[in-house]
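Take a look at the structure below.
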Amino acid sequence: MQGLLIINAGSSSLKFAMFEAPLAANALALFRGQIDGIGAETKFVAKDVNGATLSDTVIHAPAGTDLEGLQQFALEHLLSWIEAQKVELQAVGHRVLHGGEDYSAPVRITPEVFATLESFIPLGPLHQPHNLRPIRMLAKKYPQLPQVACFDTAFHRTQPWLAQTYPIPRKLTQEGVKRYGFHGTSYEYVSRELPAVIGAKAQGAVVIAHLGNGASMAALRDLKCVATTMGFTAAEGLMMGTRSGTIDPGILLYMVERHGYGAEELTRAIYKESGLLGVSGISQDMRTLEGSDAPEAKEAVDLFCYRAAREIGSLTMAAGGLDALVFTGGIGENSSHVRASIVKYLGWLGARLDADANAQRGKAQCISTPDSGVVVAVVPTNEEWMIAHHTSTLLG
Ligand code: AMP
């Protein structure tokens, strides 16, 4: 059997999914899994289409292997495991953080494209080098294997100048300090599915809320992005699992001056210790917080919903109205409480939820009442399928 391998690589982890080629519409992954703890105890887990475990093992590289060697070792382990499943790689699609201003669509990787993607490392130093690493390793091992990059930023290239520009010194803007936006593959998938769920309203003023551990929103008109909450980095915008989202930049100066924080401590505070975790002091996980009786857990969830609703107000302006609000991501697809709390804030727009429909989880459907002033829907995202689709399309 031939397969399309989808890779999402981080510094210490690598997520993968395999789709049968040629790709069917709405195909489920043949198997999926992840390698975690690269650099410490490295675990390899793979599950089949029904979620049954195919492999769950600790893998050991030779003692003394450096981090790059360990990453190579993890990828090699995956490739030999895939071979043992009797799947032959037809192509590999990669989730890549940054396509800069150059890429508004996925691209087949050539040495020139790869060099351009490397030049974006300063724009995404925490992710871009790790996304590119398996591309380089695979190109070296299998020079003929087609590889495709799908960018988190590409969907947002349609934003007008006003939505992309920060009020900062022009010199920084010219260096590339702009509002790029992320989660683009998810928005692309959801916007593709949306007409089948809500009909003609999909072409109007739409806000898609991708609420997961990372969270953002995008405003669309005619299914094209006109504004989004994430900006230069994935730290801007909504409150998230462990990221603060938008805060007063003066707080960063305060941490530097008052607490002597350097870049590393600031990064940890903003990316790892804030958001739901920071406010609750309990967990970054919405399900855990919803199940907790602690007042701090409730405060964290309330703040998450309040700030999300405020951002919808801002995006409603950017979209010139609000015909539809669409929830996706782990929280958006599953938490009826979060959806209800956010939609309650939109009562002034006449938004009303159908309580029975909202009580359901993970199903693509309209969840507002027929007389609601705003159509509200849930559309489960599927970034891996979207990347597989682009990969097979670019192969011709
Ligand atoms: P993601 O990053 O998209 O995988 O989303 C992860 C988030 O979704 C975590 O905060 C989970 O707690 C949350 N989540 C998943 N299932 C549920 C659920 N049934 N109820 C509430 N939150 C959920």
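Each Cβ is built from the backbone N, Cα and C atoms, and glycine gets one as well.
As given in TrEMBL:
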BINDING   ASN8, GLU383  Mg(2+) binding site
BINDING   LYS15, HIS210, LEU211, GLY212, ASN213, GLY214, ASP285, MET286, ARG287, GLY330, ILE331, GLY332, GLU333, ASN334  ATP binding site
BINDING   ARG95  substrate binding site
ACT_SITE  ASP152  active site, proton donor/acceptor
SITE      HIS183  site 'Transition state stabilizer'
SITE      ARG243  site 'Transition state stabilizer'
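Non-local neighbourhood of ASP285 (ATP binding site): GLY241, LEU276, each in the same chain, at least six residues away, with C-beta under 8 Å from its C-beta. Under the three-state DSSP scheme, ASN8 (Mg(2+) binding site) falls in the strand class. If you check the recorded positions ASN8, LYS15, ASP152, HIS183, ASN213, ILE331 against ARG243 (site 'Transition state stabilizer'), the ones with a Cα inside 10 Å of its Cα are ASN213. Among the recorded positions listed (ASN8, ARG95, HIS183, LEU211, ASN213, ARG287), ASN213, ARG287 have a CB atom closer than 6 Å to some atom of ligand 1, in sequence order. Mapped onto three states, the DSSP output places ARG243 (site 'Transition state stabilizer') in coil. Of all the recorded positions listed (ARG95, ARG243), ARG95 has the fewest other CB atoms within 10 A of its CB. Under the three-state DSSP scheme, GLU383 (Mg(2+) binding site) falls in the helix class. Closest in space to LYS15 (ATP binding site), of the recorded positions given as ASN8, ARG95, ASP152, HIS183, GLU383, is ASN8, taking the CA atom of each residue. Of all the binding-site residues listed (ASN8, ASN213), ASN8 sits in the most crowded Cβ setting, with the most other Cβ atoms within 10 Å.
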